[in-house]
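Before any comments, here is the structure.
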Number of protein chains: 2
Amino acid sequence: MATGRTHRPATRSRGIPEATVARLPLYLRALTALSERSVPTVSSEELAAAAGVNSAKLRKDFSYLGSYGTRGVGYDVEYLVYQISRELGLTQDWPVAIVGIGNLGAALANYGGFASRGFRVAALIDADPAMAGTPVAGIAVQHTDDLDRIISDNGVSIGVITTPPGAAQQVCDRLVAAGVTSILNFAPTVLSVPDGVDVRKVDLSIELQILAFHEQRKAGEEAAADGRTAVDPDTEEAPPMRATPAGRKGPDGDMPAVMPA
Amino acid sequence: MATGRTHRPATRSRGIPEATVARLPLYLRALTALSERSVPTVSSEELAAAAGVNSAKLRKDFSYLGSYGTRGVGYDVEYLVYQISRELGLTQDWPVAIVGIGNLGAALANYGGFASRGFRVAALIDADPAMAGTPVAGIAVQHTDDLDRIISDNGVSIGVITTPPGAAQQVCDRLVAAGVTSILNFAPTVLSVPDGVDVRKVDLSIELQILAFHEQRKAGEEAAADGRTAVDPDTEEAPPMRATPAGRKGPDGDMPAVMPA
DNA sequence: CTATCTTTGTGCACGCGTTCACAAAGACAT
DNA sequence: ATGTCTTTGTGAACGCGTGCACAAAGATAG
């Protein structure tokens, strides 16, 4: 830039769209790969392809961070890596606590991708007294009773919940009370938290159900296109009408057969 | 290639918005809980609260499925459970194959929430010959060489990828070639697939980075509100200017120090 | 049957995010 | 210096999703 404009356009900094924030890690990953291959610069077109997004979208996203590109050339890889890292807050250390060391919790503790970007598994917490002291991924599991102290002592502000659904809200409350203000929830439960606390949820079951919806739709369309009997759910109707006013579902649990008058 | 076609107006079927589809599993979960408590009917207000959404949004979502409520009363729980299950395609069996039986893959195989809704782990596949035959979650792991046959024999149309990032695209290609049309990707990679194949990604690292962004922002605002030195990233500037035109990042891997003229 | 009360279903307006399309900016060659 | 060529940065239009607010529908009571 001619005038070396490194200053924010006033209130612009607070206005990074959420959708853009969600894509920054994607760009960062692609840029890191380029960096490792010692590629000095990339065009928006190339980077967009690597990140799997539209190039116009990418340019607009970067424009929110400031103008870090050079027209006619592209973006400097190393510089962008730094800028995005800084914007995402990855230049600092983020101690993370995982609560609920079952199959999933243990897998996450062992997951390499975790530590790779400034996130450090600072503590593993479980409600089972028998697990206390057991090392998982090289870290001794601690008991829930000490949750408060553990969070405080380690300065944890990001908590990961991998408990059974029944315990999630309670654990969440305790984490928040202890000072955690960001939560990544793997339990299939809707967590309620006070203002100022961010919750992001990862739900395998929901993802699969969304895929199933599209899968079913594809199957229906395909059958229709083949001239065969459509399997389209809207055509297939024949829903279960009322059985008995007090009818309950069977022990199976998922195939009801009741409907109001 | 990725340019794809433009003649796909998002959701084409009976016009159920994608955002609505993503919420249906949420409603279903809340409804199932009510069903287990033998609650006969719910109002949109109650159900919305249980699902953590706005009641108007919920009503509008349901309106896309048809009018299944009764004014002045609410919705019949059992009936709604069935309607949503049917719409999502959960009344049928979905055999799922998990490829990459490491920490995460094994955890998923053991995850109970998987089988709970019509999804059945039909096969576990791994590239390590030493794992072949080893039972995980009661299922013998099979070798990647037989991927094609395994998918076909079990009629798998949904695949879950939990391999290291380097192998993900290759595994994806093989799954698609074998007939899989829906993929749930846990590997931190952008998968490219032909039209007609749906991919959903679950990325722990990205979720954490998004949380870190907001966490950093909160910390900055709080500091500013306290009248102390702001930690606002845009104020903190002092970016790394050019080092040497050929300067590369250190072995550490994340703190570059280069910038173009 | 009429009146009142509850709750659904939806028309409408608004805001966010995406995409197009192009002018401006800079590199590079002559 | 001038011209050409490449690529960024962004104004503007568009479409989707959200939430308000209310009329219509039905239950319920008298």
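Glycine residues also receive a Cβ, built from the backbone N, Cα and C atoms like all the rest.
The residues of the DNA-binding region (B:26-65), classed with DSSP into helix (H, G, I), strand (E, B) and coil, number 30 helix, 2 strand, 8 coil. Feature annotation from TrEMBL assigns DNA-binding region to B:26-65.
Summarising the annotation, TrEMBL assigns NAD(+) binding site to B:G100, B:I101, B:G102, B:N103, B:L104, B:G105. Its Cβ placed at the centre, B:G100 (NAD(+) binding site) has 25 other Cβ atoms within 10 Å.
The helix, strand and coil residue counts that DSSP assigns across the domain 'CoA-binding' (B:89-190) are 40 helix, 29 strand, 33 coil. Residues or ranges marked as domain 'CoA-binding' by TrEMBL: B:89-190.
Taken from TrEMBL, the feature region 'Disordered' applies to B:217-261.
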Original post:
When each of the binding-site residues B:G100, B:I101, B:N103, B:L104 is checked against chain A, which show a C-beta distance below 8 angstroms?
Top reply: B:N103, B:L104
**OP:** Count the Cβ atoms, other than its own, that fall within 10 Å of the Cβ of B:G102 (NAD(+) binding site), considering every protein chain shown.
**Re:** 17
Original post:
Within 10 angstroms of the C-beta of B:I101 (NAD(+) binding site), what count of other C-beta atoms is obtained when all protein chains are considered?
Top reply: 25
